[in-house]
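Data first, discussion second: the structure below is written as structure tokens.
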Amino acid sequence: MTLKLKRLEHADGIEPPAYETTGSAGMDIRAAVAAGEPLTLAPGERALVPTGFIFEIPEGYEAQIRPRSGLAFKHGITCLNTPGTIDSDYRGEVKVLLVNLGDKDFSIERDMRIAQVIIAPVTQMPVTVVDDLTDTARGAGGFGSTGV
Ligand SMILES: O=c1ccn([C@H]2C[C@H](O)[C@@H](COP(=O)(O)OP(=O)(O)OP(=O)(O)O)O2)c(=O)[nH]1
Ligand SMILES: [Mg+2]
């Protein structure tokens, strides 16, 4: 099984998403903003950043767009909708919704590694609406019901 990628014109010369080490869970994905025209995010600002790639994910799988911890730690840059969901039937450009939670402007340059892509299996489950559900010991307890 492979992840098929189509490169769009504005990603000419940009490395496709890639695993940086042999054991990496995620492939780093890069910004396809125009060369010499960085996208600057002011504190609190968000932007949909183009990656220049369309994915064909095998049926039964999804791609998750997750933040890079280095960008989050050093600059407060993260994915607003993390983990972003790329559906296997999506044939548009993959985009990364970045937000600047830091206190300084942050510039996203062409080819910068802005996020990581995790491929994960998914199950579509049929839904049934019923009147009664099975009892459990937990019941409706949650949100700290078991203590600290
Ligand atoms: O970070 C993201 C999240 C989503 N998408 C694309 C791929 C995904 O398959 C599609 C729809 O995403 P989602 O279901 O999260 O958004 P929605 O608000 O429910 O839109 P839609 O009504 O199109 O499903 O948008 C991205 O490119 N990047
Ligand atoms: Mg949706």
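Think of each number as a place in line: the chain as shown, counted from 1.
Backbone N, Cα and C atoms are what each Cβ position is placed from, and that goes for glycine too.
Taken from TrEMBL as is:
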BINDING   Arg68, Ser69, Gly70, Asn81, Thr85, Ile86, Asp87  substrate binding site
DOMAIN    17-147  domain 'dUTPase-like'
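Here the binding residues for substrate are Arg68, Ser69, Gly70, Asn81, Thr85, Ile86, Asp87. Their largest Cα to Cα distance works out to 26 Å. Counting residues per DSSP class in helix, strand and coil order gives 7 helix, 52 strand, 72 coil for the domain 'dUTPase-like' (17-147).
Closeness to ligand 1 is met by Thr85, Ile86, Asp87, these being the binding-site residues among Arg68, Ser69, Gly70, Thr85, Ile86, Asp87 whose Cβ falls under 6 Å from the molecule.
On its own chain, Ser69 (substrate binding site) has no residue at least 6 apart in sequence with a Cβ closer than 8 Å to its own Cβ.
Asp87 (substrate binding site): 11 other CB atoms within 10 A of its CB, across all protein chains. Neighbour density for Thr85 (substrate binding site): within 10 A of its CB lie 11 other CB atoms from the protein chains shown.
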